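Worksheet for the structure shown next.
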Amino acid sequence: MKIILANPRGFCAGVDRAISIVELALEIHGAPIYVRHEVVHNRFVVNGLRERGAVFVEELDEVPDGAIVIFSAHGVSQAVRQEAKRRNLKVFDATCPLVTKVHMQVARASRKGTKAILIGHEGHPEVQGTMGQYDNRDGGIFLVENVEDIAKLHLRDDDDLTFMTQTTLSIDDTADVIEALKQKYPNIQGPRKNDICYATTNRQQAVRDLAEQCDLVIVIGSKNSSNSNRLAELANRMGTPAKLLDDANDVDPAWLENVDIIGVTAGASAPEVLVQSVVSRLKELGVDTVEELTGCEENMFFEVPKELRINEAH
């Protein structure tokens with residue numbers, strides 16, 4: 001049996017930055033550091049930070065007045081920001097800059113009173129934060145998840161209408177939704193290209209390349225990770241069975257029956273240490289060769305907030 005590793009895989013620049021912000025805040029200010037929502041959607045990462053003194057909460061009312069709080073990579077609504085200010089919380093913002101870019105598009109639409117349509121998954125924290133940038137009662141923001149949702153939209157005129165997307169969606173599904181939007185509202189405005197981020201795009205392309213060559217694709221990522229779920233869906237859609245798992249303990253030997261080539265990739269919030277532990281487990285189960293696909297090189301880097309950078313330099 002052979003493993004082929006996808007490339008690129010695992011951590012993206014936004015996840016790297018978010019984790020660094022929590023680590024540096026702990027190093028400089030000491031525990032506890034409060035984090036609103038899991039800083040990234042990965043159980044291994046979150047548990048590691050929790051052991052070092054990070055306290056993960058879902059709402060700010062769980063954070064004592066004046067404490068340090070970090071906003072997760074998924075971003076937060078304006079209401080959450082205002083509450084943090086009112087409560088005199090010291091905030092470090094780990095929102096991915098590519099999510100912030102979408103927030104700015106929504107805020108611009110809100111200021112102009114332009115109606116906005118967000119393509120995204122209902123209930124996902126990124127979607128909640130992005131929807132929460134719109135506060136103009138004269139306009140409105142509407143969420144669609146799929147082509148079927150567009151039929152339910154009853155907006156009167158499309159001359160003052162714009163769309164944006166969650167950053168971690170399926171490229172293929174999103175293209176279909178955008179096409180349907182443009183058919184229904186020919187004058188709708190939107191970003192020059194969709195808002196799906198470079199890391200999501202690159203990892204989906206890598207899975208395409210992988211699925212063509214493999215009998216099974218293993219995606220390392222947590223069940224609540226949007227981008228990891230999309231990777232597993234993509235492989236399945238291409239006709240290659242895919243399994244989404246948290247770590248090596250989840251590998252089921254039964255999956256490997258009649259399998260010669262196993263593809264392994266990781267979502268943008270899954271660290272390489274988990275990939276290597278899965279590779280080790282698969283070697284125990286009979287894998288004797290490991291190859292790596294050549295893929296596009298990623299050199300994106302996002303700085304941490306200045307206050308954490310100054311201390312880092314010392």
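Backbone N, Cα and C define each Cβ position, glycine as well.
Small disclaimer: the values here were computed from a predicted structure and weren't measured.
Residues or ranges marked as active site, proton donor by Swiss-Prot: E126. What Swiss-Prot records for C12, C96, C197 is [4Fe-4S] cluster binding site, and it gives sequence analysis as the kind of evidence. Marked as (2E)-4-hydroxy-3-methylbut-2-enyl diphosphate binding site by Swiss-Prot: H41, H74, H124, T167, S225, S226, N227, S269. Residues annotated as isopentenyl diphosphate binding site in Swiss-Prot: H41, H74, H124, S225, S226, N227, S269. For H41, H74, H124, S225, S226, N227, S269, the entry in Swiss-Prot reads dimethylallyl diphosphate binding site.
Structure coloured by features recorded in Swiss-Prot.
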residue	record	Cβ within 10 Å
H41	(2E)-4-hydroxy-3-methylbut-2-enyl diphosphate binding site	29
H74	(2E)-4-hydroxy-3-methylbut-2-enyl diphosphate binding site	28
C96	[4Fe-4S] cluster binding site	26
H124	(2E)-4-hydroxy-3-methylbut-2-enyl diphosphate binding site	18
E126	active site, proton donor	25
T167	(2E)-4-hydroxy-3-methylbut-2-enyl diphosphate binding site	29
C197	[4Fe-4S] cluster binding site	26
S226	(2E)-4-hydroxy-3-methylbut-2-enyl diphosphate binding site	24
N227	(2E)-4-hydroxy-3-methylbut-2-enyl diphosphate binding site	26
S269	(2E)-4-hydroxy-3-methylbut-2-enyl diphosphate binding site	32
Any further residue of that chain within 8 Å (Cβ to the Cβ centroid of H41, H74, H124, T167, S225, S226, N227, S269) of the recorded (2E)-4-hydroxy-3-methylbut-2-enyl diphosphate site: V40, A73, E126, T168, N224, S228, G267, A268
Binding-site residues clustered about C12 ([4Fe-4S] cluster binding site) [Cα within 10 Å; pool: H74, H124, T167, S225, S226, S269]: S269
Do you see any of the binding-site residues H74, H124, S225, S226, N227 whose C-alpha is within 10 Å of C96 ([4Fe-4S] cluster binding site), and which ones? H74
Rank the binding-site residues C12, S225 by how many other Cβ atoms lie within 10 Å of each Cβ and give me the one with the fewest. S225
What is the set of residues, excluding C12, C96, C197, whose C-beta falls within 8 angstroms of the centroid of the C-beta atoms at the [4Fe-4S] cluster site? A13, G14, V15, A73, P97, L98, V99, T167, T168, Y198, A199, T200, A268
Span of H41, H74, H124, T167, S225, S226, N227, S269 around (2E)-4-hydroxy-3-methylbut-2-enyl diphosphate - largest C-alpha separation, Å: 15
What is the separation, in Å, between the Cα atoms of N227 ((2E)-4-hydroxy-3-methylbut-2-enyl diphosphate binding site) and C197 ([4Fe-4S] cluster binding site)? 10
Where H74 ((2E)-4-hydroxy-3-methylbut-2-enyl diphosphate binding site) and C197 ([4Fe-4S] cluster binding site) are concerned, what is their Cα separation in Å, rounded? 13
